[in-house]
């Protein structure tokens, strides 16, 4: 219970032959939180009933008599009176409610009347209005959205906005900040980074402060990235292709091979994993191909579709020789690609100069010279090894290397390859 400024009106003159009656202390204004008890105390310098003095408690706003000294007039179980040595009188109001706010008076029947006044201020903690506060918002990317938060209470609550993930917010026309004050939060040209749960907090110094969670969803068509774009593996091994997508509403995801939808089998292990909130619009797709056969090499497609569009990404699985004993993982070319028109710098692989090396079958050798190779083509040695593997089936025991393949390299290297065969 809090006391504030004092208000009083005092009569000091009694009837003829009567001593002066005075209030010995002011009656103080009282501030009480909702549900707590409020007390007014009135002190006078005369014993009540002496010279037929009477003390009355009044509710001035309604001009209602509440009690004569210790006798209640109103049938209100929350109101009671008490006194000390018949010079101190108190009015008690239990579990105050907003309607109890107002002016109260302690009055003595002197002539003229003597009266002391004070105000009861009932403090009400904030309450957020469900009907006037935004529950959630779903908007298209690059559009505007306004979130509203309305709260009642006494004193009037202040509204503060923040993000549940403690990231910055950028209100329209304002600099980015962790918090924003106001009953409305306007966001301009929202993007997927604005997709989050926002908190509207209402406080007025009367505990407890309250908050409301407001979710903002931003819809946009799918985007897809493939990394790595090329994956190598050997017959009998396994390999994993990966795609990453962004879409909201969440997309439907598929893997395709030559136009046929792939499903989980003994051959294929398909998994999808969403990112945690608030970035659940991001999804990681993974296709693992087991017990690889020759027919498994080639192009694979990952796709994502939602109500705003669809997109596809391509990954290529190509063959390499079985690695030395003990190596069990496939190598991959780390090349990022995006299917939204943004170019990526190609990485170049360089082979180092070394001494001339012979294959175990003494049928071919090559000099490892430094050169740039296009990422989209397998390494040079894979062309050579692939040609050697075809010798029995394509040319009766003679290794064949297509001139088209040779011409993709520099002239000295092409001559070297011709020398090999």
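Even glycines carry a Cβ here, placed using N, Cα and C.
Summarising the annotation, TrEMBL assigns compositional bias 'Low complexity' to 1-16.
The region 'Disordered' annotation in TrEMBL covers 1-22 (among others).
According to TrEMBL, the feature domain 'Ig-like' maps to 19-121 (among others). Residue counts for the domain 'Ig-like' (19-121) under DSSP, helix first, then strand, then coil, are 6 helix, 54 strand, 43 coil.
Per DSSP, the domain 'Ig-like' (125-215) is made up of 3 helix, 47 strand, 41 coil. Per TrEMBL, the feature domain 'Ig-like' maps to 125-215 (among others).
Under the heading domain 'Ig-like', TrEMBL lists 222-318 (among others).
Look at TrEMBL and you will find 323-395 (among others) tagged as region 'Disordered'.
Per TrEMBL, compositional bias 'Basic residues' is recorded for 333-349.
Annotated compositional bias 'Basic and acidic residues' per TrEMBL: 358-371 (among others), in sequence order.
Residues annotated as compositional bias 'Basic and acidic residues' in TrEMBL: 380-394 (among others).
Under DSSP, residues within the domain 'Ig-like' (222-318) fall into helix, strand and coil as 3 helix, 61 strand, 33 coil.
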